[in-house]
């Protein structure tokens, strides 16, 4: 089958934003203008096409990133038809993992900001993640019709808070109720969209006289930014003081792709203004798959690094970036094709798991409807139905051309709760449901507590777990009770100690004998999970076949902790002496001896309890400021700064997670629902002694 759209006309983009910046509405409008969606879905009515899970529609926030394909040839049909694959990403901080996954497979991103609240804490998180994956991006300042909206203030925030070289390509005409349209600074014309046909048509007009001077100044800055793209443009600009419109576009494109500048556009998706021009900018300034760095991976030896280019003739390689369970077809595995092509019915290799997968049916998604396809080519994003062993982050490649593409890193969960099925019938269903949810979401973990036999689920925040329990009820019809949230405490030693571990058992016949001296010290990276183990034994005082057992004894004891039963972080252990018995020594005896030595860290290692500290940002009306700060102080919070934005005062604080349970409800009642907050994991810090004693005592009595 021949390629319908040349790869140079593909755009794989993500639309990222803070919770209320209006990202879903923006995506909806994109689908409307590109002709796929006939009635515009409003999030206010809970009917947006992209938000396809019931909870998303109720809560009005996007949880799963659905991938959608649409086509666009420009507001005035001035381009050849381009294929735009949009990955919708969630904006809530509990779902940062989804954003990270999406950014991994995108080539470019549109960051949507709210014209009045501007750069929010979640924006900073998304921005950092986009920097990590070097994703070229542009900004769409949405909600220009909102009270307090100010386009140029948001441009300043981009520079100050995110350190971005923001270059406006437009200026908004009016704001709040007076928002009329935008000025295109390249053409120096006003664009006014027609409200009667929901913005499908528009007029170009002269720039309002009172804005002319400001627009000329902004244009000058934009032309300067474009001229810095290369020497040729710079020379022309210095000689003539001007560039042609095509040269400006070329310069801005080059610098956007190089991640040197961030073009900024404005509009109001809700009022059908500006999204059409934003789509044009996606085509003009964001990269095709062939214009980003070729993806790298490792070959079968696990060391040699190879590249795969966006080319249909190269061997097939793809990355699975999302698993979703669909009530009608079962498991959908979303994947991005980096190189080569694939027909349905072909067998592939999952190189991470080392297992074969047969691709039966493939579909391409439009928000919540799907089209079955027979073939995918380089640059495509599609979903395969019924893969058995593939999970998020796995590589799929041609059987004869092994490669493992760069893996994704997933954060450790910070909050756990016990779940208990309400009836015997729910018990079995709950196991299946939790298994499926964990397969879809790598930041969600399920385990059974060995001592209590309870099922414990862990995730990135209260909202994250609420939604998963909610999905269990709706999608899998499992009724469950939720226990009190448990905090993921950790332990760490603070001083160096040399400890003897000796395990001797004589009981007639063959005995047991293991004897070690171990130096324990805090590792350089105090938050490192896992053990840094050094063997300094000389002269075989402990035979080398027992050394792995010593390491295992220490690391198993690390998992169970030494003070209160929580895993130890940042431990370095060096075995430097010991002794053995020709007959009685064995691996088990040395493992127990090492474990006994590790347990003694409670007395000798200055072991302390660590608690997760959260970075909390509260936006509150001024009159509630005192209550909010007082409440955070009561929760052992450390106020780190105060700021203000149009939506009110902003309080930044670091607060222990243990004190943040139920905070959403408390904040709502203290401020009549006018304040909002976001919270994300910051670091582990030593718990105050009174708190630590309480937790240790609780764990000893086994409450």
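Using the three backbone atoms N, Cα and C, a Cβ is placed for every residue, glycine included.
The following features are taken from Swiss-Prot:
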- 17-24, 88-92, 142-145: GTP binding site (BINDING)
- 8-290: domain 'tr-type G' (DOMAIN)
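Taking Cβ-Cβ distances under 8 Å and a sequence separation of 6 or more, the neighbours of residue 144 (GTP binding site) in its chain are 115, 151, 172, 175, 179, 266, 267, 268, 273, 274. Mean pLDDT, taken over the domain 'tr-type G' (8-290), works out to 83 on the 0 to 100 scale. Secondary structure from DSSP puts residue 17 (GTP binding site) in a beta strand.
Mapped onto three states, the DSSP output places residue 144 (GTP binding site) in coil. For the binding-site residues 17, 89, the ranking by surrounding Cβ atoms (within 10 Å, all protein chains) places 17 first.
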